[in-house]
Structures are given as structure tokens and as C-alpha cells.
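Here's the structure we're looking at; comments come further down.
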Amino acid sequence: MRYVASYLLAALGGNTSPSAKDIKKXLDSVGIEADXDRLNKVISELNGKNIEDVIAQGIGKLASVPSGGAXAVAAAPGSXAPAAGSAPAAAEEKKEEKKEESEESDDDMGFGLFD
């Protein structure tokens, strides 16, 4: 992702076809070490393409990805009722999971940018 971001910054900054040297320079300026193989892969995939078209295609692909909330709602009607003995155990597990999530979410203020 860092290579794509650096490529996009260079392209949007006026460099129509950024080279590996351009991207490496941008990454080095923020203290990120560049992997030559990944860098060359990004350049070969994006070289000669219109950045606006690539962004539009990406937005179209993201629109087709289901969000996290819809899956839980869709699963609820199809699930069978659990046995009476297992319900308290399931409730305890859910409480424990919620506690763990709340501790983790404090680190990133409840929003995981790279999750």
C-alpha cells in the first residue's frame, strides 16, 4: 500500500510516470525502507495507466464488497435456536469478546485503519 500511495502522490504531483527512484525518494523522506521487488511490481502494474481511471475502477470494486454489519444481520434469520443449556455459556463468551475488543479499540480510538 505504501508503494501505491507514493506512486499516486508522485503522479498527482505532476510526474506522469514516476520511476522507482522517485518512489524510493518519497518513501525515504518519511523513513520507510523500499523493497525493490514490490516497488517494481507496483510500477509495472501502474505504468502507462491513467490514475483517475485506476481510482474509479478501485471505487467500483470497493462498492461491491459487503460491509461487516450486513453479514451479521443476514445470518440471524437462518440460524437455528440454540439449546437452553448452551445459551448461558454463549452469553458469557460474547461478554468476554466485547471486553477484549474494547481494550484493543482504545489503542486506535475504535478505528482500525489497516485492519
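Cβ from N, Cα, C; glycine included.
Per Swiss-Prot, the feature N-acetylmethionine maps to Met1; the stated evidence is similarity to another entry. Feature annotation from Swiss-Prot assigns phosphoserine to Ser17, Ser19, Ser79, Ser86, Ser102, Ser105; the stated evidence is similarity to another entry. Look at Swiss-Prot and you will find Lys21 tagged as N6-succinyllysine. According to Swiss-Prot, the N6-acetyllysine annotation covers Lys21. Look at Swiss-Prot and you will find 69-90 tagged as compositional bias 'Low complexity'. Swiss-Prot lists 69-115 with the feature region 'Disordered'. Residues or ranges marked as compositional bias 'Basic and acidic residues' by Swiss-Prot: 91-101.
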In whole Å, how far does the CA atom of Ser19 (phosphoserine) lie from that of Met1 (N-acetylmethionine)?
17
Integer Cα-Cα distance in angstrom, the residue listed as 'N-acetylmethionine' to Ser17 (phosphoserine):
18
What is the total of other Cβ atoms whose distance to the Cβ of Met1 (N-acetylmethionine) is within 10 Å?
7
